[in-house]
Amino acid sequence: MDSVIRFSVSLPSQLLDELDRKVSEQGYASRSEFTRDLIREKIVNDSWKDADEELIGVLTLIYVHHHNDLVNKKMDIEHDSDVKIICTNHVHVDHHNCLETISIRGEASKIERFADRIAGLKGVKFSKLTKAAVPKF
């Protein structure tokens, strides 16, 4: 691990109070650890702007599995896509609804296109792409 460098940040008192509340609520050991996580999150989000870099993501879906041919259309998109599907997890929420997570690796633009195609299928009630990347620091 690199050496740690201390620096200071000036904040309005209300923002500092909110920071301390978040640090406490979320169980962080310190303001520094909370701030490091925020910086990492910003760097990961910005890395998604570089469409050529290989990244990872998780697509979370809730859909009605009885809907006309939805499962087959979803599988066709998965098999025909140019992203790597690492893992899927399927949960039967109730008699009609399924929760599915799809872990994906590929270029940012291809992952987003894949997620958009599946989200646009009739019968998909909820779709959220969680963007991730392994920080290089």
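Backbone N, Cα and C atoms are what each Cβ position is placed from, and that goes for glycine too.
Annotation comment: Swiss-Prot describes HIS79, HIS90, HIS92, CYS98 as Ni(2+) binding site.
This view paints the features noted in Swiss-Prot onto the structure.
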residue : record              : DSSP (3 states)
HIS79   : Ni(2+) binding site : helix
HIS90   : Ni(2+) binding site : strand
CYS98   : Ni(2+) binding site : strand
How many other Cβ atoms are found within 10 Å of the Cβ atom of HIS92 (Ni(2+) binding site), counting all protein chains shown? 10
Here the binding-site residues are HIS79, HIS90; which one has the lowest number of other Cβ atoms no more than 10 Å from its Cβ? HIS79
I want to check the contact list for CYS98 (Ni(2+) binding site): same chain, sequence separation of six or more, C-beta distance under 8 angstroms. What comes out? LEU61, ILE62, TYR63, VAL64, HIS65, HIS90, VAL91, HIS92
